[in-house]
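Per TrEMBL, domain 'SRCR' is recorded for 5-108, 131-239. Per TrEMBL, the feature disulfide bond maps to Cys77-Cys87, Cys177-Cys238, Cys208-Cys218.
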Amino acid sequence: MYDFLSVTSTLPSVSNAGNVEILHKGRWGNVCDDEWDELEAKVVCRQLGYANVKAKPTSNARFGQARRRYWMDNLLCGGDESELSKCRFDGWGRTDCRSGEAAGVICGGGGEDLMPNATLNRVDSQDKSKIRDVHPRGIAVRLSGPRQGRLELKLPDSDWGVVCGDGWSLLEAAVICRQLGLGYAAQAYQTSFFGGNKLPMAVSGIKCRGDERHVAECLHDELLDCPGVGENVAGLTCASRMADLVFDHLELERTAHLEDRPLYFLQCAMEENCLASQAYQVQRETDRWHWETRRLLRFTARILNAGTADFRPSVPKHLWEWHMCHMHYHSMEVFATFDIIDSSGRRVAEGHKASFCLEDNQCLHGVQPRYRCANYGDQGISVNCSDIYKYNIDCQWVDISELAPGPYTLKVAVNPELKVGEMSFDNNAATCKLLYAETFAKVHSCVMGRP
């Protein structure tokens, strides 16, 4: 059955840009932006009738909060599919996404298909400026509760007002917690649960790096613009103790190597969407696909919790998913991402890891492990313990079968969607040089940074 798609936007008169919605079982639903990139956007634009235009993906509910339930999450397309539902994804309605994670597209890159320039600029890069530059006399900040509640700002010559929740994340919340002396950001909310829907809207579109000392150092919309005003209020929870994941880039360099493996031994990994799109095409089109070989770049991922609180999954235990292949529950859909990037900045190899089981594999002297995946045990990473995914574990690789030999960049990131609060996200990713030859691969010169 053919998909019915639409794009919805908070901007009037825009028909070729918006959040993507898909009809399933007679009900419209949104698409989550996890794993959303140019390949998925290309399929959507083609299906909507924009066959020969540039397809640009958008994320973080660029066109307003998701209005409906999420039908699709963790989409992986090859770019040539005729319909979005022919791409790989987690299954209809299976998601952990929030209203601020709606995926969208801008279908247009030239000729008559482009929307007017003024409108395109409004959609794609709304003008932002530092709050301090617009309000040099300073602003006051307060929280409606002791450590949890809605955020309120007081601009010069104005009453207290709330902040629009559009685009609000843990990065912005971290700045507020630091400024108020309340420690670290544990949660960031986009909701009217804490009230404030009757208060004036003071600021919209706040965007922070997360390391600012004062919210006035962050950017904001020059023109107030808040989709879903009243129901879309920024809130947060602060905590005095927080986890802090540190990715071991030296272990990555030391263990990286190539392996050629027949698809017969990768069937479980195929169910987990761990291989490149071409592997599934081989499975569909080749009778003896079991004996076709895939080339894998394997490596060990060691993640230490160097913080002051345990790292716990972002979803409650009753929503964890049982994975028959691996015989345990997975508590986070996307705990790590592995990407290979060429010299132009384009991702050329898919390193998607569908989901993870979090446990204490190795702890420092004197620390007792608390978390185990087996027997529906509690999952997480204790303080001063490491979760280790060795190179011989299923899906601990990047499928590079179609990659041409040459120099590339390998980026490995943990907690890449910033769904769980940490002391800092500056040590969550390793960006490394990758030299790939026909007979060997070398990962070196890794630099730590943000996802």
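Heads up, the Cβ atoms here are built off N, Cα and C, so glycines get one too.
With DSSP states grouped into helix (H, G, I), strand (E, B) and coil, the domain 'SRCR' (5-108) comes out at 16 helix, 32 strand, 56 coil. Each residue contributes its Cα atom, and for Cys208 (disulfide bond) and Cys238 (disulfide bond) those atoms are 17 Å apart. Taking the Cβ of Cys77 (disulfide bond) as reference, residues of its chain lying under 8 Å away and at least six apart in sequence are, in sequence order, Leu39, Glu40, Lys42, Val43, Leu84, Cys87, Arg88, Ser277. For the disulfide-bonded residues Cys87, Cys218, Cys238, the largest tally of other C-beta atoms within 10 A is found at Cys238. For the pair formed by Cys218 (disulfide bond) and Cys238 (disulfide bond), distance between Cα atoms is given as 19 Å, rounded to the nearest Å. According to DSSP, the secondary structure content of the domain 'SRCR' (131-239) in residues is 17 helix, 38 strand, 54 coil.
Annotation for Cys177 (disulfide bond): spatial neighbours Gly183, Tyr184, Ala185, Leu236, Cys238, Ala239, criterion Cβ-Cβ under 8 Å with sequence separation of six or more.
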